[in-house]
């Protein structure tokens, strides 16, 4: 009886919000208008392109986090992973351009490995992902400080930094296209293609109801582990861009995990899994970045930024939560 | 029903205490071989002081986690509470009680806000408390650059440094708070309702539990506990400190302590006694590593490994129990 009665609810909820990208697009549009009023030059192609390039790392992290969240888990380790990657890259490259590509490959492998470990501990040892990735956060931060004796060593080569800070200049119409933006576009296309493939459907099914997925023949643990690996890879790419853009520091990735999770939720993805799209998640990250830019233009002091950010997140999520629960 | 769900709690509690005893025994041996002494007066006192600070937060956190919720704003509530207390006292003993009262009231207010966001607006607890944390962070960052106010000497001498033998007054207070929480959870209707809501909100609602009220109350109690931790830290530091909560990682550490203590993160299973065990375990590891003069960063790595390993052990045990 109970089960029969409870079933129709989620179905109707899905029908109410097809895709779920519309609300975030509306917020994005409002923010764009506000920015346009205050600082019309921001909307010129060159500065807009630079802005998109700067936002690329966070958007990538949001896409990675989306895979994990839609499968019903969390990844709190991405921020510390970015820090670790940047510090490791600087020490291994040690300003030697010849080592750039091997190190880039190594970083990708390292990111995938951390994701694999997170995934296996979560799925095989049945540790809640909140705890697994929290532990991984402590381990990575501790290990990276330990390895570098408390201060980052070495330096990044100009070749490595190119991805994060250089652009293809003199492009007709757009002015300049940052490499970071190209990377972002490629990853975004891959992510959307992945979510449209069988794997994407399986991933959402696992997040929606792991038991049902299991009974339909899905290897839940494998799917979730792959999601963690994707998140680790996204963190690696984000670290390469961020290291290039802002250089080496222990603060490189601080707080990015919460930023990515808020972005994903802002984009209409349900924590707990099974609902939302990767495009929404990435738009959520873009919205957050635009919000920060807007606060800069309006001269909101750095300290108050988090208050505004907190208020907006609560507001946005509250609105979407009350909408979806009012049958 | 509630008796059934409570039974595993009592069987589960010893786990963390076995681990604690083993850790202390091994730690004692290793420190002894290293030429030190783990159980002398000063290390014991500092261990218990560390445990008291984290303990207040973790006991409160246990209540919300049991109810299937979570509180990531505690670190900022702690900082806020130290400031409210220290600035109201402003170094005079006369304002002691009003100041403590005000600090706790402000904290309870934050808890009420958290609870209403989670229940009335149906915001996921993770996001809601993270958002409230950001609100508080913005307030703290924009109004304070460093320590402010002064704790009354009376509070510093009593809660801060007074002790009975090797046991600080603050730790005794923690035991009292834990006892009260244990009583509430296992002997009162509210406690049973809270565990029921955490176990299965739908079933609880159908059985006539008012889920929203129960969860709001749990959030208020959690923030009260964080506020108490703030008052305690103000008494230790002698002033209000706007970043003490975040620098101590009280949000994540308290959740780790709760989970190490055997409370399920998904809610509905566990208890405060285990949490105190978890807190003592984390504090002992700290004390042992301090004695061995282990690198602070290495300590953090080990801490991460221990948190994951402890929870993996619980998960295995739960799995075996489910299989048998």
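Even glycines carry a Cβ here, placed using N, Cα and C.
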> Of B:69-86, B:123-140, which range does TrEMBL call transmembrane segment?
Replying inline: B:123-140
>> For the feature transmembrane segment as recorded in TrEMBL, pick the matching range from B:148-166, B:167-185.
In response: B:167-185
>> Please identify the range among B:12-33, B:188-209 that TrEMBL labels transmembrane segment.
In response: B:12-33
>> Given a Cβ distance threshold of under 8 angstroms, which distant residues of the chain, six or more beyond its ends, lie next to the transmembrane segment (B:255-285)?
In response: 5, 8-9, 12-13, 15-17, 19-20, 23-24, 27, 47-48, 50-51, 54-55, 58-59, 61-63, 65-70, 174-175, 178, 181-182, 185-186, 195-200, 299, 302-303, 306-307, 310-311, 314
> When you scan the chain for residues with a C-beta under 8 Å from the transmembrane segment (B:95-116), skipping those not six or more beyond its ends, what do you find?
Replying inline: 71, 73, 77, 80-82, 84-86, 88-89, 125, 128-129, 132, 136, 152, 154-155, 215-224, 226-228, 230-231, 234
